[in-house]
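Structure below; questions to follow.
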Amino acid sequence: MARRTLVLLISSIVFNLCGAFASVSDDHSRPMILPLHLSSPNANWHHRRAFDGRRLQRSEPNSQMRLYDDLLANGYYTTRLWIGTPPQQFALIVDTGSTVTYVPCFDCEHCGRHQDPRFQPDLSSTYQPVKCDINCNCDKKEAQCTYERRYAEMSSSSGVLGEDVLSFGNESELVPQRAVFGCENIETGDLYSQRADGIMGLGRGRLSVMDQLVDKGVISDSFSLCYGGMGVGGGAMVLGSIKSPPDMVFSNSDPFRSPYYNIELKEIHVAGKPLKLNPKIFDGKHGTVLDSGTTYAYLPKDAFHAFKDAVTRKVNFLKQIHGPDPNYQDICFSGAGRDVTQLSKVFPQVDMVFTKGQKFSLSPENYLFPHTKVSGAYCLGIFENGDSTTLLGGIVTRNTLVTYDRANDKIGFWKTNCSELWKRLNYSNAPPPAPSAFDGRNTSVEISPSIAPSGLPDTVIPGVLQVGLISFDMMLSINNTIKPNFTELAESIAHELELNISQVRLMNYTHTGNNFVITWAIIPAESANCFSNTKAMGIIRRLKGHQMHIPQKFGSYQLVEFKVEPQMKRSWWKQHYWAVAVAVLVTSVLGLLALGTWLVWKYRLQDIVSYEPVAARAIVPEQELQPL
């Protein structure tokens, strides 16, 4: 399990964009809202908090994008970002600890195999290199500005800077915008081995996506993140301001103290009792840092041991066991049960206390992660840091709306069901924006595939129906007549629909020229006879909404139709074949035992029978035993 610490930079970019920042009015700038989607194909549970009737009010228009991947399995969330004209798609880690957005370049000297093809500037009609001047470091040819990022986890990224059109998807109300980004030439460490293509920098800095959009006046100087809970997924990211809920808890954030987003943490309470610590322990060089690109949380040595001891005392009735990874001395407990909705009855509540005494409560899912090898066991997701910095990663803010109000130098926290956040926001799906013209040129930016065909039925699953099979026909248009790799395509579909690869079955296919019509079947997991209604509706919603994204090498696709079939009623033999098999096995064993007993009895009976003397027998020649 990756332990990402993407916040503490060792060296920084040497590049400044010239020009003063434009003032932004909240009344005229629009936020961009991006739904987060957490894909956890190996999750064995689905936990949803009770949904109350409160509504989160919008102060401005918005736009939406999905996010993918699993905070614990992958260590991050990613979003889709399109760069260039025509747009080239990338999966980027949403990272508040980074100030640069970068993707692998086509001529990268040392880049790993990632989710999408590398960026090709020559294929974009709107790409421009950032020319070298006195404000930046230059490449070897003294022609283009460069960047370099090094992280405490010993990974790094370096390359050249370019400017192009950034597009945010077909649900975005924000029109595509020109922005500066990094085109990677070298990447090392976790950045090299990760599946995600690169980083979407949301930190403070002139190259940050936030700063560039704010500078253009298209959004206000605020954004929010909301991560789904343990094993659930969903959530949202909002670029721009929204009206804060009345019970949101705020902490001051000092931008002059540190380039990272920080809060004023004074105390930590476990089960209502404060840890016996000097409040200055959380007030290190950078303060208490929030970083969405880090998976777990890290406390200074004394604070970590005090926290660990306090939690351990409260759960002393649980058995302490070794962690799933032998490379780490994890603190794990077994016997808590697999139902994550009941964890708050076993593990204590933890409170973070800010400067003015405001308390923000953490649920067990905010400081625990499930043991991957022992069912019903959980481990502390808070670790000891090697220095004095307190670092709070994504685990601490699950099912929490975190508002980074940069305009007012404060950060707010509000406990909510992030998977249901869009229902509270009550947003409607807006049509994609009209294409914009850049540099006097009409550039039609077609971002998403064609709209789903109207022939798809409006399927509603009644509460009494148990869905046993979902099948659909996909029309695939590729650039050549070579048969596509169906195994790789099945893996992509499984990833998009949050399924195991074993649940996606190729039924048949036909093709005419470059067009393939492929029939797929989606079946329940091996341990289930049918889909839950929630899972089935989620799959159908994505199919109908044409929300699957497949690699570009498979071309474009359309869904012709899909079918939902109820759970098949199995015959008596299929329902009881295990019992029949066990009965046959037991009967066979008993029969063999009885036969063996009879043979032994018969053999012993021969020992007491009278035999004639040897001399009285007919003498026969000795015969050699024949080989079997």
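Keep in mind that glycine also has a Cβ here, set from the backbone N, Cα and C atoms.
Okay, so TrEMBL annotates it like this:
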- Asp95: active site (ACT_SITE)
- Asp291: active site (ACT_SITE)
- 77-414: domain 'Peptidase A1' (DOMAIN)
- 1-20: signal peptide (SIGNAL)
- 577-601: transmembrane segment (TRANSMEM)
Counting across all protein chains shown, how many other Cβ atoms sit within 10 Å of the Cβ of Asp291 (active site)?
24
Counting every protein chain present, what is the number of Cβ atoms, excluding its own, within 10 Å of the Cβ of Asp95 (active site)?
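So the number of other Cβ atoms within 10 Å of Asp95 (active site) is 25.
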Can you give me the Cα-Cα distance between Asp291 (active site) and Asp95 (active site) in Å, rounded to a whole number?
7
